[in-house]
Structure formats: C-alpha cells, structure tokens
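The block underneath contains the structure these notes are about, expressed in structure tokens.
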Amino acid sequence: MKIDILDKGFVELVDVMGNDLSAVRAARVSFDMGLKDEERDRHLIEYLMRYGHETPFEHIVFTFHVKAPIFVARQWFRHRIASYNELSGRYSKLSYEFYIPSPERLEGYKTTIPPEQVTEKISEIVDKAYRTYLELIESGVPREVARIVLPLNLYTRFFWTVNARSLMNFLNLRADSHAQWEIQQYALAIARIFKEKCPWTFEAFLKYAYKGDILKEVQV
C-alpha cells in the first residue's frame, strides 16, 4: 500500500507483523487465556484503550518506507521509540528532488510579496544550490562535504519500523492542527494505513485515546 504525499513524497507500507488480535492475545496471556468470540475480543481492545493498558499494542509492528523533505524527517525522527534507516548523502549522489510549496500553501499568511513569488524564489534558490552541489562533486569535493549546500526542502527517504503503541503517539502529536501542515499530511497517510490493518484498534484509539483534532474532522 503506497500513498502519495505533497508534490513528490510518499508513505509505503513495507511490512506488518500482527493485527488487532495480536493485542488481544498479548493481553490475555496474563490470565493464560487466548481469543474468545469477535464481540468479546473487540470489547477487550476498547477496554485496554479506555483504561490506558497500552503494552499489548506493542506486539503489532509496522515497517514503512517514507519519502519526505528533510525538515519533515527531522521532526519525524524526534519520535524515538522506533527504528530508522535513512538514505545517506555520504555514500549516494543526491537527486534533484525538492519540495516546492504551492502558492495555496501560503493562503492566510500576511506576506509582503505574492505567494507565487515566494514559490519562484524557493525554486531559484533550489536550482542554484543544486548546481553548486554538482559543481563541487565534479571538482572532487567529497559528497559528505558537497551536500552541506543543499536546503532542508531536499527529499530524503527512510525506513521506519514502529509498534502500534508508538505509532498512536505519533498520531497524537502529528495528526493535530498544532503540527506543521506538511507532517500532518504524512500523519494522515499513516492513520489511513493503520485503520486498514487494525480497524478495531484504530476505532478504539479515536474514541478513547486520541488527543489531537484533525483525525476527527477528516475521513481517513
């Protein structure tokens, strides 16, 4: 499952271990019990979520492949209860792939220049920076040094492996109007995948544990 984000980004589900019933099994092992019928299993998930018994959800694990601007990735990496591997600018020649916000992104802000000119200025700076990057590499400058001229809207790619408990914490903080708009878009994509793979857990999360706002306002 792959969802396109922004102008060139994406979130792709690479792997998932477990589902709603994984949390049920983990919770009932305390009483040396397993699965019951669907109604009672689903009720247990709601009970766990309502009363903050979150460790059973750590037995559901997702791996995502993400392509995002560096400034989004740096916010993302603050969520530390997870595993990350990122594209290396030391060992790889970085591609000309930059996030250019549309003029509509600036609607509602009191800028002294038109939004279209903002987009043009960003594009001009990106072009100059990337040309300089290539010139430095062609001059023999190592990639690890040449890359420092590139701006934060350069796209990077990384793998993110995270359990459902930490994923829900990510959604609480990033699927929220206080987060930057760009990372909100990625959080919505993560929520959509989470809902598809763990519908009972997602529904209980929204009902009892979600602290943000935008997931209750949009259809994921």
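Using N, Cα and C of the backbone, Cβ positions are placed for all residues, glycine too.
If you check Swiss-Prot, you get these features:
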DOMAIN    1-208  domain 'ThyX'
BINDING   T55, R78, H79, R80, E86, N163, A164, R165, N169  FAD binding site
BINDING   Q75, W76, F77, R78, E86, L87, S88, G89, R90, R147, R174  dUMP binding site
MOTIF     78-88  motif 'ThyX motif'
ACT_SITE  R174  active site, involved in ionization of N3 of dUMP, leading to its activation
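Take the CB of H79 (FAD binding site) and look out to 10 A: across all protein chains shown you find 16 other CB atoms. Summary for the binding-site residues T55, Q75, S88: the Cβ-based neighbour count within 10 Å is maximal at Q75.
Across the fold, the C-alpha of Q75 (dUMP binding site) and the C-alpha of E86 (FAD binding site) stand 14 Å from each other. The binding-site residues listed here are R90, R174; among them, R174 has the most other Cβ atoms within 10 Å of its own Cβ. Its own atom aside, the Cβ of N169 (FAD binding site) has 17 Cβ atoms within 10 angstroms in the protein chains shown. In sequence order, G18, A23, F57, E58, I60, V61, F62, F194, C198, T201 make up the list of same-chain residues 6 or more apart from A164 (FAD binding site) whose Cβ falls under 8 Å from its Cβ. With helix defined as DSSP H, G or I and strand as E or B, the motif 'ThyX motif' (78-88) counts 0 helix, 4 strand, 7 coil. Packing around E86 (FAD binding site) is summarised by its Cβ count: 14 other Cβ atoms lie within 10 angstroms of its Cβ, all protein chains included. Residues Q75, W76, F77, R78, E86, L87, S88, G89, R90, R147, R174, recorded as contacting dUMP, have a largest CA-CA distance of 29 Å. The binding-site residues shown are T55, H79, E86; of these, the one with its CA atom nearest the CA of R174 (dUMP binding site) is H79. Taking CA atoms as the reference points, R90 (dUMP binding site) and H79 (FAD binding site) are 24 Å apart. Across the residues the record lists as binding FAD (T55, R78, H79, R80, E86, N163, A164, R165, N169), the two Cα atoms farthest apart are 28 Å from each other.
Secondary structure at T55 (FAD binding site), as computed by DSSP, is helix.
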